[in-house]
Structures are given as structure tokens and as C-alpha cells.
């Protein structure tokens with residue numbers, strides 16, 4: 001068995017976010033000035049949280065955030081940053097570059113909830129879930145390979161802190177977890193990942209979390225954290241357990 005922490009962070013604000021425009025995959029915009037400050041605040045918030053692995057979308061806005069988080073971290077300046085295209089934002093097809101309200105109107109006209117609506121030439125939720133599963137497989141393999149010395153026979157010895165009331169600290173849930181992956185990605189992608197974790201994998205909700213919060217869009221540089229346990233058998237890896245510590249945390253962002 002191998003248990004590790006997973007902290008997922010959304011990219012910071014871009015000008016398109018500010019203007020209410022859909023970026024998707026075709027618009028590879030950098031962070032705005034506010035987005036840069038948000039990412040620096042995220043780095044300051046996570047400065048004493050140790051990461052052993054970092055994975056990031058290959059889009060500019062996510063890579064900028066990952067670099068700023070690592071620049072502010074006191075323990076992992078030389079860590080390898082793995083850019084993975086399977087982490088890029090959901091494609092919104094012909095709606096990309098248009099206003100978010102226009103896609104909302106398209107969904108309404110189609111009689112579908114916005115998250116489940118797929119514009120022409122866009123990705124369905126199921127197609128994004130395939131990318132999510134592809135990424136998880138790659139991440140599991142990389143972490144198991146990098147941390148073979150942490151693999152244990154039988155149950156892991158890491159204490160389960162996910163059922164306790166959180167202290168509201170940056171290291172909630174991972175204080176005694178020696179392996180910890182940081183993933184930097186995108187809002188719609190993260191929302192679908194939450195659906196996959198809670199609905200498909202049946203991850204239990206953390207105490208005190210309103211069910212409606214599960215699928216709300218994560219704010220810019222908002223954070224979600226999970227504890228993953230892998231079953232390692234010879235060359236095979238399988239997800240054994242998934243627990244949620246928190247989702248959509250934004251304590252580092254000033255109101």
C-alpha cells in the first residue's frame with residue numbers, strides 16, 4: 001500500500017475570466033495582475049507544505065501558478081514540474097472566446113443544466129472523465145516509481161485525519177503524509193473531477209460539507225485536497241481508498 005496527499009489548485013484569474021469570456025483550450029491566456037497576486041498568495045499560504053511531486057496543465061495560466069507556488073515554497077525549489085496535456089481545460093468548442101452568458105443561454109435553449117451541456121465541437125463530461133482517468137493512471141505510476149521506499153505491506157500507518165474537524169491550516173490532512181502531489185489545473189476540469197471522485201469513485205464527503213458545494217466551480221487559485229491510497233501488487237496499481245479533506249478552499253484570497 002502507498003498513501004499520499006493530493007492537492008489540486010485552480011489557475012489564477014486571467015483577463016478572460018475578468019471579462020466573462022470562455023477560454024477552454026483555444027485561448028491560452030496568461031494570468032492577469034490580479035491572477036499573479038492570487039498565485040503568489042497561494043504560494044505564501046502553502047509555503048511550509050511539502051510537495052514531493054508536481055503536475056500541471058500545459059496551458060500558460062496553470063504553469064504560471066505552479067511556478068509561483070513553488071517559488072514561495074520553503075521545501076521544494078528544485079522539484080520537477082511535469083506538464084501534462086491531459087490536465088488542460090475542458091474544450092467548449094464553438095463557444096470558446098464567447099461570453100459565458102452566451103453558453104448559459106445555449107444550454108437553456110437545449111433544456112440542459114450548464115455543466116452537462118456540450119457546445120458543438122466541444123468535449124462531453126464523459127470525454128473529460130476519460131482524460132481525468134488517464135492522468136490519474138500516469139500520476140499513480142509516477143508516484144509509485146518515485147517513492148518505492150514508502151510502499152508498505154498491508155495497511156498504511158498514516159493516521160486518518162479526514163473524519164476530524166479541520167484546524168483550518170495549510171497542512172490539514174497531510175501533516176504526517178510523506179508523499180504529497182500538487183496538481184494545478186482548470187475550473188471546469190476540476191468540477192468534473194469532483195463529480196468523478198464523489199459519484200464514480202464514491203469518495204465520501206468530508207464532515208460539514210454541503211452536497212451542493214461538491215460541484216460548484218472552484219474559485220481562482222482555490223484548493224481541493226484528498227488522501228489517496230494505492231494498492232501496489234507487483235507491476236499493478238489500483239486505487240484502494242480515496243478520502244476528501246476539503247474542497248474549494250480560498251483562505252489565502254482576500255475578500
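Glycine residues also receive a Cβ, built from the backbone N, Cα and C atoms like all the rest.
According to TrEMBL, the feature active site, tele-phosphohistidine intermediate maps to 11. Positions annotated as active site, proton donor/acceptor by TrEMBL: 89. The substrate binding site feature in TrEMBL is assigned to 10, 11, 12, 13, 14, 15, 16, 17, 61.
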Q.
For 11, 14, 61, 89, listed as recorded positions, tell me which one has the smallest number of other Cβ atoms within 10 Å.
A. 14
Q. Rounded to a whole angstrom, what is the largest C-alpha distance between any two of the residues 10, 11, 12, 13, 14, 15, 16, 17, 61 that the record assigns to substrate?
A. 15
Q | Packing count at residue 10 (substrate binding site) (other Cβ atoms within 10 Å of its Cβ) | A | 28
(Q) Neighbour count first, Cβ atoms within 10 Å, every protein chain included; then name which of 12, 16 tops the list of binding-site residues. (A) 12
